[in-house]
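Single-structure report; data block below.
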C-alpha cells in the first residue's frame, strides 16, 4: 500500500495546477479591517467629539447653565466670533484644491420660496423689522441629491424700491427657533428694481444633510444702538397680498428663490469611478455604497446630538469621519505572504492592512460661557476635510 501522502497527491494536483495558472491574481478588496456598522460608527464619532471638546477646553463636565445671562450675545463677542470664523473659512478656501468636476458644466436650478400666504408664515410674529423666507427641503433634495454635488447656492431677492439708505442683515433659522447671523449689505436709495444676492452655499449644504422639512432665512434691518427706528424700509417682491390675475402670477414668479449650481449625480458618479485613486484624500463619498476610503459627512447638532445648550455659536458643525476599505494586491509570486505572517505573529491584535484615517483637519471656533463671562475659543483638528489609507 502506498504511503498516505502519495494517496492524497491526485487530490492536490488540480489545486496546484489552478494556482499555477493564476499566479498574479489579486485578492480583490482584501483587508483585515473589520466591517463596521455605519450607525455604530456615527454614534461612536459623536461620543468621541463629546469627550474631545471637553478635553480641549480642560473641562471635566459641561458647564452649568444656571449662571448664563439670558438674551443675545454681546455685540463685541459676536463680532470676535464672526471674524474668527471668517478667517478659518478664508484659510480653508486658500488651500482647497480645485476638484476635477469643477471643469465640467453645472446644472442650474431655481427653487422658489414657499408662497407668502402659506400657513408656515403664521408661526412667525408679524414685525416691521424683518421678513421671513421659507423653503421646502424636498425640492432642494430633488435638485441636489447629495450635499457634495452642490457647487454654489445663492438666495436672490428682487428689491422693488428704496427711498432711504438702509443696512440689512441676513440670518439662518435653526430648529430651536434661534437665528444665526450670515451676512449684511448696505443698500443705496433707488426707484428702479434690483436683484439682491447672498451666498448661502454652506447653509444649503447643511440643510441637505438634515431632515427638516422646512428651512428658512430672515432679512432684518440692522439694529443700530443710536437709532430709534429699526423698520425694514426695503420693499421685496413676493411679500404683499391682494394682487390678482396676471399681475399676481408675475409677482409670485419673482418672489425670493434659491439659485443652485450642482454637478448632476450621474456625471459625478462617472467622474468618481473613472478617475485614478492616487489621491484618496480629495474624495468625498458620493453614495452609501462607496467602495473606497473617503470622507463621510456627519453633522453634529450640539442640542440634539450632545444635549448641550452651553455652546452658543455655532449651533452645530460638520465633523465628518473617514470610512472605506483600503485594498492592496496580494500575489502568489511575491514575498508579501511571508511578511504578513511575520507581522501577524508579532502584532496579533493589529490590522494587517492599511486603514482609512483622517489626513487634513480644520479647527472649529466656538462661543461659550464660563459663569457669566462669554469666551471665544478655537478648537483644533475638529473637522475632517480629507482621508488617506495608512
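Just so it is clear, glycine is given a Cβ too, placed from its N, Cα and C backbone atoms.
Annotation comment: Swiss-Prot describes 1-29 as signal peptide, evidence class similarity to another entry.
If you look up Swiss-Prot, you'll see 30-74 marked as region 'Straightjacket domain'.
According to Swiss-Prot, the region 'Arm domain' annotation covers 75-271, on the basis of similarity to another entry.
DSSP classifies residue 82 (N-linked glycosylation site) as helix under the three-state reduction. The Cβ of residue 82 (N-linked glycosylation site) lies under 8 Å from the Cβ of 181, each of these being in the same chain and 6 or more residues away along the sequence. According to Swiss-Prot, the feature N-linked glycosylation site maps to 82 (among others).
The N-linked glycosylation site annotation in Swiss-Prot covers 136 (among others). Taking Cβ-Cβ distances under 8 Å and a sequence gap of 6 or more within the same chain, the neighbours of residue 136 (N-linked glycosylation site) are 111, 114, 213, 214.
Taken from Swiss-Prot, the feature N-linked glycosylation site applies to 176 (among others), supported by sequence analysis.
Per Swiss-Prot, region 'Bowtie tail' is recorded for 226-252, and the stated evidence type is similarity to another entry.
Secondary structure at residue 294 (disulfide bond), as computed by DSSP, is strand. Annotation source Swiss-Prot lists disulfide bond at 285-294 (among others).
For 293-356 (among others), the entry in Swiss-Prot reads disulfide bond.
Per Swiss-Prot, the feature disulfide bond maps to 322-387 (among others). Reduced to three states, the DSSP call for residue 322 (disulfide bond) is strand. Just so you know, the Cβ of residue 322 (disulfide bond) picks up 24 other Cβ atoms within 10 Å once every protein chain is counted.
Residues or ranges marked as disulfide bond by Swiss-Prot on the basis of similarity to another entry: 326-389 (among others). Cβ contacts within 10 Å of residue 389 (disulfide bond), excluding its own Cβ and spanning all protein chains shown: 21.
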Confidence summary (mean pLDDT) of the region 'Bowtie tail' (226-252): 61
Greatest C-beta neighbour count within 10 angstroms, which of the disulfide-bonded residues 293, 294, 326, 356, 387: 387
DSSP three-state assignment (helix, strand or coil) for residue 389 (disulfide bond): strand
Cα distance (Å, whole number) from residue 294 (disulfide bond) to residue 387 (disulfide bond): 6
